[in-house]
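Going by TrEMBL, these are the annotated features:
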{"type": "TRANSMEM", "residues": "B:24-44", "note": "transmembrane segment"}
{"type": "TRANSMEM", "residues": "B:51-76", "note": "transmembrane segment"}
{"type": "TRANSMEM", "residues": "B:96-115", "note": "transmembrane segment"}
{"type": "TRANSMEM", "residues": "B:122-140", "note": "transmembrane segment"}
{"type": "TRANSMEM", "residues": "B:171-190", "note": "transmembrane segment"}
{"type": "TRANSMEM", "residues": "B:220-245", "note": "transmembrane segment"}
{"type": "TRANSMEM", "residues": "B:257-280", "note": "transmembrane segment"}
{"type": "TRANSMEM", "residues": "B:292-320", "note": "transmembrane segment"}
Amino acid sequence: MGDDFIVETKNLTKEFKGFVAVSDVNLRVRRHTIHALIGPNGAGKTTCFNLITKFLQPSRGQILLNGRDITKTEPAAIARLGMVRSFQISAVFGHLTALENVRVALQRKQGNSMHFWQSDRSLDSLNERAEQLLADVGMLEYRDTAAGELSYGRKRALEIATTLALEPEMLLLDEPMAGMGSEDVARTAQLIRRVSASRTVLMVEHNLSVVADLSDTITVLKLGKVLAEGPYGEISQNPEVIEAYMGHGVGSHA
Amino acid sequence: MTHSPVSLAVQAPTVAASSKRQSLFVAVLLIVALAAPFAVYPVFLMKGLCFALFAAAFNLLLGYVGLLSFGHAMFFGWSAYITAHAAKEWGLTPELAILLGTLCAAGLGAVVGWLAIRRQGIYFAMITLALSQLMFFVALQAPFTHGEDGIQGVPRGHLFGLIDLNDTMNMYYFVLAIFLIGVFFLYRVVHSPFGQVLKAIRDNEPRAISLGYQVERYKLVAFVISAGLAGLAGSTKSLVFQLASLADVHWHASGEVVLMTLLGGVGTVLGPTAGAFLVVTIQNYFATAGSWVTIIQGIIFVICVLAFRAGIVGVFAPWLKKRGIDA
């Protein structure tokens with residue numbers, strides 16, 4: 001099996017004109033686990049995400065994916081290496097239908113995405129798989145609805161279906177529950193648990209009951225630094241973490 | 001989750017009925033195009049068709065990739081020069097002269113696109129504008145373009161050495177054929193696996209990257225296709241008017257094609273054609289009004305933007321779509 005850790009960062013640092021957003025972060029994400037990144041606003045969670053997926057170039061430090069150095073890799077290549085991210089603001093292709101959204105993710109592997117002379121009917125062979133992915137997130141009935149017209153929670157569900165279409169080894173979910181109603185939260189949590197069976201998930205999430213419920217490991221960031229790391233039971237007892245959250249949330253769930 | 005299946009308010013037409021209506025719609029338009037020169041002045045129609053193809057090519061970028069090029073006149077105008085020069089000085093047959101102009105425009109598009117696509121939004125527009133100004137001054141200074149005079153008296157010649165294009169009707173059907181091939185090609189590009197990725201990039205570029213697409217490659221190919229077809233339009237126009245002049249490389253022409261596309265309906269297949277004919281009609285109809293033409297154009301543009309934001313065709317597109325017709 002080789003490496004136990006799918007993603008590792010070594011002294012990961014990002015500076016923006018004198019402001020250090022992420023400072024010497026050593027993150028190790030164990031394969032086939034759900035790893036959560038939490039912390040107060042401005043702790044550098046999303047910056048960490050952007051660094052790991054190469055949407056930002058780190059100032060210092062190293063990032064390893066499956067033991068391979070990806071510090072200099074292009075963001076589009078990251079996806080092809082099996083690591084796919086979601087975005088804080090739901091990222092769907094608004095003018096495409098739900099089915100087409102998923103198909104865009106599927107078609108890349110088909111290898112004809114540059115074929116401008118070919119009819120898009122050549123993509124119909126992917127419909128069955130796309131429908132299956134939509135059904136998995138309970139979205140099949142919206143197959144032909146333009147993604148832009150879907151409700152917020154459904155956009156997020158569609159985004160997850162699109163991400164799963166790439167069959168990534170590693171998923172990075174940036175606040176997957178943000179803006180969702182409690183019903184959607186429960187459904188999405190269930191979905192994340194289900195997909196994590198054969199994959200690794202790293203997520204940023206503010207909903208601590210979700211984090212407590214889902215995560216195997218939690219890393220707490222504060223002002224760009226790692227404050228604590230461990231399972232929820234341990235983290236929630238950490239006085240520094242409690243202080244960072246000023247007594248809110250952490251510790252009130254068991 | 002206790003969702004009952006939602007019944008859609010508008011029953012989508014079945015695929016078979018939809019494609020039948022689409023064919024009928026296309027057939028009607030085709031008959032109108034074939035019969036038009038018997039009712040309307042053919043040179044006016046040819047001018048409209050050339051600009052329509054130009055606008056359709058431009059629309060590939062603006063409507064389907066979300067890139068606003070403000071320098072498309074360089075492809076339109078330069079291909080006109082190349083074609084005019086090749087036909088007049090080298091005696092190339094019209095189809096070869098047009099092919100050469102188109103290829104040169106595509107080649108220029110590859111260079112300009114390669115430089116411009118690294119930037120987004122207004123920066124992209126500014127780079128394309130700057131490069132087209134550069135190409136304008138080259139056209140002004142280069143000896144073979146004959147400066148202010150342009151290349152005049154370009155022979156239309158015989159198509160494939162057989163069909164005399166000095167006959168207006170022959171020329172019209174030749175131009176119509178080029179227009180139809182160009183627009184069909186664009187339709188194919190938009191409705192291809194490649195087109196799907198373009199639309200994805202337009203809607204959400206970071207997401208397209210995170211799905212593993214190297215978006216710059218897609219943008220560049222789209223840019224080259226757009227430049228090439230703009231060149232096809234310019235080449236054809238130089239044979240229609242037997243003239244290649246500075247007016248076609250001027251930034252006014254770059255602005256006009258933006259206007260045509262927005263008036264007609266960006267991101268629709270037929271919108272640019274409608275917009276092009278509207279603008280050409282205004283120009284011809286009010287030609288006697290002199291400099292008032294631009295003012296009238298401006299007023300119409302303002303009214304259109306206020307009244308139908310999605311453009312003329314854009315307003316009708318949803319209505320047609322419900323009836324299974326893709327405009």
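Heads up, the Cβ atoms here are built off N, Cα and C, so glycines get one too.
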Most Cβ pairs under 8 Å with the transmembrane segment (B:257-280), selected from B:24-44, B:96-115, B:122-140, B:171-190, B:220-245: B:171-190
Intrachain residues whose Cβ lies under 8 Å of the transmembrane segment (B:24-44), provided they are six or more past its termini: 168-169, 171-172, 176, 180, 240-241, 280, 284, 320, 325
Dominant neighbour of the transmembrane segment (B:220-245) in B:51-76, B:122-140, B:171-190, B:292-320, by Cβ pairs under 8 Å: B:51-76
